[in-house]
């Protein structure tokens, strides 16, 4: 299985596995024996993403087996999980922050989420070591203390993610959930810009156009919010909410790209990296708690204002991201973009029913532009090029220099080497964890 990490690093979990962006399963044959000529006697080779093996298709037979069907089912499950997690976290935070009564301290919720994520990753590592405490202790000593340089590298992104988590509480407390969901897609713009500046990546003209479309849609939504957009509670400040969203998007974009830059090629497992992030996140979260609300927390208690709804937010933030991390490897870029679009629609519909949110034509126009921009930006550039180059090479190739011996399986197709190193292990997309 080829999975994409937080900044696009890829990893193969089996022989012959390739990235989904390199060649979508079932879209084109990756190679043919007998040079693909009629009567060449060869079976076409198709790549089943995630299966870790090649599926051969004899002429006239059914193209894919149970592995492909199972993978398709996992993709649809991934879509549902991504949509529900994206929408439910924002809606639950908005609901918990607007309930009448004592309001909980957002800094304590951030710390609790980091603690629960760290403990969960520790338990998963313990399970990977088959319950052997000694092996786990030796592993953590080597990975965290002996290789302290790699551990310290995570301090910067962890600091930024902790700041981002706190900013999101500020933003959602001051903006309607639907408005926040639309505006928060600016993180796509900031991530793209930081990727160009820090990683020297290039964007296609379609991607630049989609980023412009995205910015226009967000500007329209914010203009609608500033122009009224229906009654709002007196304790909410849309200006502060917008500033918090923009700062959160900037921190998300920078942290994601920085995370990829410093850890590219590292061999640490996904759970180890998140355990290290959790350690720093907990420590930095406690520092932020002491600095921002230390006196109030000391007077009223750490769990002041905690209700079942607040615990739901903490658990969603802690475990929802880990659940997404399990299924996100089955989702290609188009699916992730589609999930984001659906989550915007779901958040808007839920906001109408739960919070009395009013959708006017201006908001509908801005949200529609953002949804379209997200979809256009998520279209993979490599798929069409890979298919076109494969088809061209098959149609223009000269006489065969050798024939595949009878009874021998076809050799695996040679794919372009422009992809990132597939030997590295994927990193959990932290941006998913901290939404």
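Just so you know, glycine gets a Cβ as well, placed from its N, Cα and C.
According to TrEMBL, the feature region 'Disordered' maps to 393-435.
According to TrEMBL, the feature transmembrane segment maps to 76-97 (among others). Long-range contacts of the transmembrane segment (76-97) within its own chain (CB-CB distance under 8 A, at least 6 residues past either end) are made by residues 103-104, 106, 168-169, 172-173, 176-177, 180-181, 184, 307, 309-310, 312-313, 316-317, 320-321, 323-324, 327-328, 330-331, 335-336, 338-340, 342-343, 346-347, 350-351, 354-355, 432, 435.
Under the heading transmembrane segment, TrEMBL lists 103-126 (among others).
Here the transmembrane segment (208-227) has long-range neighbours at 175-176, 179, 182-183, 185-186, 188-189, 192, 238, 242, 360, 362-363, 365-370, 372-374, 376-377, meaning same-chain residues at least 6 beyond its ends whose C-beta is under 8 angstroms from one of its own. Feature annotation from TrEMBL assigns transmembrane segment to 208-227 (among others).
Marked as transmembrane segment by TrEMBL: 239-259 (among others). Residues 6-7, 156-157, 160-161, 163-164, 167-168, 170-175, 180, 183-184, 186-187, 189-195, 198-199, 222, 225, 427, 429-431, 434 of the same chain lie 6 or more positions beyond the ends of the transmembrane segment (239-259) yet place their CB under 8 Å from a CB of it.
Taken from TrEMBL, the feature transmembrane segment applies to 271-291 (among others).
Among residues of the same chain six or more beyond the transmembrane segment (303-328), those with a C-beta under 8 A of the stretch's C-beta atoms are 3, 74, 77-78, 81-82, 85, 88-89, 92-93, 95-96, 99, 101-105, 108-109, 112-114, 116-117, 120-121, 165, 270, 274, 297, 336, 428-429, 432-435. For 303-328 (among others), the entry in TrEMBL reads transmembrane segment.
Taken from TrEMBL, the feature transmembrane segment covers 335-356 (among others).
The annotation transmembrane segment is assigned in TrEMBL to 362-379 (among others). Here the transmembrane segment (362-379) has long-range neighbours at 178-179, 182, 185, 188, 192, 206-207, 209-211, 213-214, 216-221, 223-224, 227, 229, 333-334, 336-338, 340-341, 344-345, 348, meaning same-chain residues at least 6 beyond its ends whose C-beta is under 8 angstroms from one of its own.
Long-range contacts of the transmembrane segment (335-356) within the same chain: residues 75, 78-79, 82-83, 86-87, 90-91, 94-95, 98, 176-178, 181-182, 185, 230, 328, 367, 370-371, 374-375, 377-379, each at least 6 residues beyond the stretch ends and with a Cβ under 8 Å from a Cβ of the stretch.
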